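Since the structure comes first, as structure tokens, the remarks are kept for the end.
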Amino acid sequence: MIPMLMIAAFLGLLLLINRHQLGVNTLNDYATASHSIGVLGITFGFLATWYVGAGYTVFSGFAVSYGMIGMYVIPYGIITLLVMYLVAEKSFIWGKKYNLRTQSELLGLRYRSDFIRILTGFAGVALSIPWLLMEWYTIGYVFNYATEGLISPLVGMVIGIAVVVSYVALGGMRSVVTANIIQGLYMMFAGSAVLIWVLYSELGGLQGAMQRLQTHAPEALTYPGPGWELSPNYWTAIVLTSGLGGFMWPWVYNKLFAADSIRTIKQSVLFAPILGILSFGLLIIVAMALHPLPFAQENPQQALLWIHAEAGVWPLAFFAVLVMAASLGTVSGILNAMSTAISGDMAQVLKRDISERSALTIARWSVVLIGLGALAGAYVREGLLVFLALMTYQGMIVLSPVVLLGLYWKRANRGGAVIGFLLGMAVSFGLTLAEPAFIQTYGWTPGVYGFLITLGIMLVAGFCRPVEAHVHTLWQDIAEARGCTRQPVGGMLAAQ
Amino acid sequence: MRAAVFVLLILATTTLSTLPFVFQWSNRIEPTLLGLPFAFLWQFGLALLAAIFFVGWYLADKRRGRLDVDVTMGDRR
């Protein structure tokens, strides 16, 4: 009963705090909160969106089973933050000057191509679906576990959907970020506290747990972990794939357009590593400490919920809310990004005369329909969801050369970006599905090959053609902004 | 130029934590600290080093006035 009440109280708190944020009138405000979010919102917005609820079930299950390999999130997080720091300035300047709302719109501006805008918008939506389904599944699963079966997974999903859909559809980015602050603060402080409590009350403390691992399963303390034969190249590949792909998700990237300044974004990069390293490192240590326990070995994905239930009803309640907070944070970001992409990057591009108000209505109904459609997650096997979610990273890494070269290399052009992106995706997903022997033996994940194909094609195409004329104007925008000169309203593309 | 130095420094930390032969060297239990194996300490340590480089980069950007650029919001394109 206590876990159920705590979850209900947490969901009620999100709605209560968001009640003043629900009056959004334009798609621009819905998508970017009119570029008004400060450092607290951006920091916790990134953290709450990035930390998925499945991290406490499925992905911590990897650490329970195989130990050290779960640590790949630490170096991958650093690469992701480096990408964030690198793209912050230009994304912010062009974003504000041209009033951009999404990553796809930014790419459409940079490559002067509606096709790239629609293509990357569609890819972002499609690749986000498995994550959305997996997070809904996690919400239903946690409801069911925390209430000892009183609330079925399907009913749990419906409750979660009703709460998130209501505040995302009505309040847009402002509501998402407000909720993210609550979720992020809970995850960092209450969540970390309950993990430490369980580590010391149930697992003998840090040194005791590590000593037990050294005695019973020392192989779990190093890569690749017990019962796995993996090349060290695999470690390199998963860090690079996740690190470069991690900031390419539209639901993460779009928060750059909500920030009120470059200072805000860059300050967020400073806070995020410390908070991320401490909280995720703690999670992996607790998960690994469970490795020697027979129940955890047999049920790795359930292990963290189980040990919190063993610790008592209050630790279980706090942990259930922790998983719920992580899931809702991700889901709200995904819903906001997907609905903005459907309305702004697809509907408004295909039919130019759609007004801002109509676009907002389309975005709101998209949230409702996506929410209902995601109930399908209840009927998809969990194993398949995990497979699909992991596969999407093989696609996201392919987008990284299109974004990074687009922002930093004048010669990057539309032809190279389109052909490189499509071929890179084909190679990446083709290798994932075909699973040729060299993928296993050499250790590089398919996304690495897709990334290299995209990068290679974009470089060749860039040297084959002169710099596109509009690019000089975009670079001039950056130079002028760095000089702190005020920009004329409108800008190059408004004048076209 | 200064940005390139920080990018290189941060890339160096990720190289030290991911490049196969360096990673294999660090992939061991001893020495330990508070029971944590060296493989963990190496990853944590490099991540904290990267965080310090981020702080340095931020301060350098701040000194050059690159954090408060003035851009007027334009019309939608």
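Quick reminder: no glycine exception, Cβ is built from N, Cα and C everywhere.
Automatic, uncurated: that is what TrEMBL annotation is.
The transmembrane segment annotation in TrEMBL covers A:69-88, A:115-138, A:150-170, A:177-200, A:234-257, A:269-293, A:313-338, A:359-380, A:386-409, A:416-434, A:446-464.
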Stretch-level contact, the transmembrane segment (A:177-200) and the transmembrane segment (A:416-434), CB cutoff 8 A, at least 3 pairs: no
Tertiary contacts of the transmembrane segment (A:416-434), as residues 6+ beyond its ends and Cβ separation under 8 Å: 107, 111, 113, 115-116, 119-120, 123, 391, 394-395, 397-399, 401-402, 405-406, 446-447, 449-451, 453-462
Tertiary contacts of the transmembrane segment (A:150-170) (same chain, 6+ residues out, Cβ under 8 Å): 4, 11, 14-15, 18, 21-24, 136-137, 139-144, 176, 179, 324, 327-328, 331-332, 335-336, 339, 364, 367-368, 371-372, 374-375, 377-378
Winner by Cβ pairs under 8 Å against the transmembrane segment (A:313-338), considering only A:115-138, A:269-293, A:359-380, A:386-409: A:115-138
Which of A:115-138, A:359-380, A:446-464 contacts the transmembrane segment (A:386-409) most, counting Cβ pairs under 8 Å: A:446-464
Outside the transmembrane segment (A:446-464), six or more residues from its ends: residues with CB under 8 Å to it: 237, 240-241, 244-245, 393-398, 400-402, 405, 409, 411-413, 415-417, 419-421, 423-432, 439
